[in-house]
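Structure record follows, encoded as structure tokens.
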């Protein structure tokens, strides 16, 4: 008899059941690992799987997380180069791909990352045909479209992390100006995750009090308080962090875990995330952009119809045109 047999009397032989709340993260770079640790700290999964092509780094990251098991409540953390390890995932988060260099626009990454997606997405679909796909790799709006096209999934199950982070950055900066916690500062950034994102000034409020009603010049060039700068800071923030530390990781990791929580717990919270927007706001092409979406365990179930000012609507259309111009040239 082994020590284990001396210690433990077996009552019931457990069949190897699948995990019920499995999350897989594809790509164990700085962003993938920030997503992983944020998800682990929120106890969202009963199994977390990591996938990457660099096997030593992958195994090292897995071991490093496993060594923290005592402090976590996710009983199984595994990894592998082969996508069979991702089988039966509820949620698959894709962070893999080339990342922005200093001064490089997100749109510049596109063809490199499309080629990577041509390998990743079919493998994910093969092993988890019923999963929700959450795309984080940049340019996120275009790659969410690419993932939707390659996967053959219905639109509601292919989600881009989109402007969830841009809106969080906006609310943080707004809070800094007003001396109020970002949770109590309400404001939405929609459109492209990146340089052509659109701040919806008409909806910015604290406790339901419209800031634009109190300060009509808000967000315009005539504004003495230069609130437009807040949006400029949001657009510049990734570039600034990349310039200073080489990459961004923590904020996007927390933002993705926020979305994962809404999905895994079926919270039906509204998030500014990337979805198919054809037919909305005068957009005629098959593009994915961030709009306020109701998110839950089946993916995106509804879109909130924003009331936009004509100039805001115009900016969203321009965003869509920019993306379509790139999308229609893509080879996949």
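Cβ from N, Cα, C; glycine included.
As annotated by Swiss-Prot, NAD(+) binding site applies to 29-57, 99, 138, with the evidence given as similarity to another entry. Positions annotated as substrate binding site by Swiss-Prot: 106, 138, 169, 248. According to Swiss-Prot, the active site, proton acceptor annotation covers 193, on the basis of similarity to another entry.
Annotation note: residue 57 (NAD(+) binding site) sits in a helical segment as assigned by DSSP.
Nearest neighbour of residue 33 (NAD(+) binding site) by Cα distance, taken over the recorded positions 169, 193, 248: 248.
Across the structure, residue 41 (NAD(+) binding site) and residue 138 (substrate binding site) are spaced 25 Å apart at their Cα atoms. Calculated from their C-alpha atoms, the gap between residue 45 (NAD(+) binding site) and residue 248 (substrate binding site) amounts to 24 Å. It is 12 Å from the Cα atom of the residue listed as 'active site, proton acceptor' to that of residue 169 (substrate binding site). Cβ crowding, taken as the number of other Cβ atoms within 10 Å, peaks at 138 among the binding-site residues 49, 138, 248. Among the recorded positions 29, 45, 57, 169, 193, the residue whose Cβ has the fewest other Cβ atoms within 10 Å is 57. Each residue contributes its Cα atom, and for residue 169 (substrate binding site) and residue 37 (NAD(+) binding site) those atoms are 20 Å apart.
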